[in-house]
Amino acid sequence: MADKVLKDKRRLFVRSVDMGTINGLLDELFEKRVLNHEEMERVRCAHSTVMDQARVLIDSVLRKGPNACQIFISNICNEDIHLAQTLGLSSGSPSGNDHTKLDSQVEVPSLPAFVENMPGPTIPDSEESTDTLKLCPPETFVKMYKEKAEEIYPIKERKDRTRLALIICNIEFDHLSTRDGAELDIAGMESLLEGLGYSVVVKRKLTAKGMESVLREFAARPEHKSSDSTFLVLMSHGILNGICGTAHSVENPDVLAYDTIFQIFNNRHCLNLKDKPKVIIIQACRGENPGELWVSDSPKASTDSWTHQPLMLQSDAIHKVHVEKDFIAFCSSTPHNVSWRHITKGSLFIAQLITCFQKYSWCCHLEGVFRKVQQSFEKPDVKAQMPTIERVSMTRYFYLFPGH
């Protein structure tokens, strides 16, 4: 019975589910009248941590019996494939009524022609090395394309699309310290984005005016018209409201405001990317505060390969009065705080970002991958920082479907 299966998976569910999946499950369960409005709000509002919300959610469903549990299991399988695999769940064969409801409410667009005869990769075992990009099997791609047709950004066929990505990385500066280890960030991000199907443009050693010029040239590229998305990766020293050019000093600021980036790529100035995901990743400090770094109630040796002596870590912070700005981006730290970079291994944020894309982008949408990165920084230690998702204006889920 579904209730027995779900009860056996309770502890693992509480430990594994993330906030995005909880919100998706709540919406589905409310729509299907498994939970009423009061029960849904009790989960969302009465408990502050993800694990607390997960406990209340699964216990509320268990109390409602086998049918409610089966609906819950089916929604997990549809909402979060990675979580379903972690829990060892399968939705089984949906009833005819479910198919009728889906087909009558959603007009599913025809699948891209290349899907029908596409040979697909196998899913790597969970214990395999995660230093390569896991590919999305055709059956998973087809399933998600059908079931989430109205919820996801469409992707273009590989043979016709011209995806572009831009990496800007400043390493050496006229007045600021050299960002040792940043070359590894460039190499890692370039390899990742190429694996995701993007042609990557890399620019180094630019002033703020130079960065703005490169961004405007990139936004004007005609290839964006036949693309379905773009990535912008900016890595440099930074302050709260912008990223530093190579000529920056306290006396003579050389800063590209983050807001300028969004103006360049908005629908008024970049029509070729209208209605397409524009992902901005920023590796830079946003202040000087080190947060909880080096603070511990009971210091002990760590087996984490990132744990090194303090002198091996550098900060990308510089001195400036902070002015709050909002932007849509995945930033390497919270406002007013530093981001850490190892002088021989590269930036901690970029390394975790690459790992999570390699491991989860085959089954998770973009914000789900970003949350996996955040979870890897959840417990402050020698590398204390908290990546932050900001200025989100996406109206659909963005799945990268690596391999397609």
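FYI, residue positions are counted from 1 along the chain as it appears here.
Including glycine, each Cβ sits where the backbone N, Cα and C put it.
In Swiss-Prot this protein carries:
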type	residues	note
DOMAIN	1-91	domain 'CARD'
ACT_SITE	His237	active site
ACT_SITE	Cys285	active site
MOD_RES	Ser302	phosphoserine
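Here the C-alpha separation of His237 (active site) and Cys285 (active site) works out to 6 Å. Over all protein chains present, the Cβ of Cys285 (active site) has 28 other Cβ atoms lying within 10 Å. Within 10 Å of the C-beta atom of His237 (active site) sit 22 other C-beta atoms, taking all shown protein chains into account.
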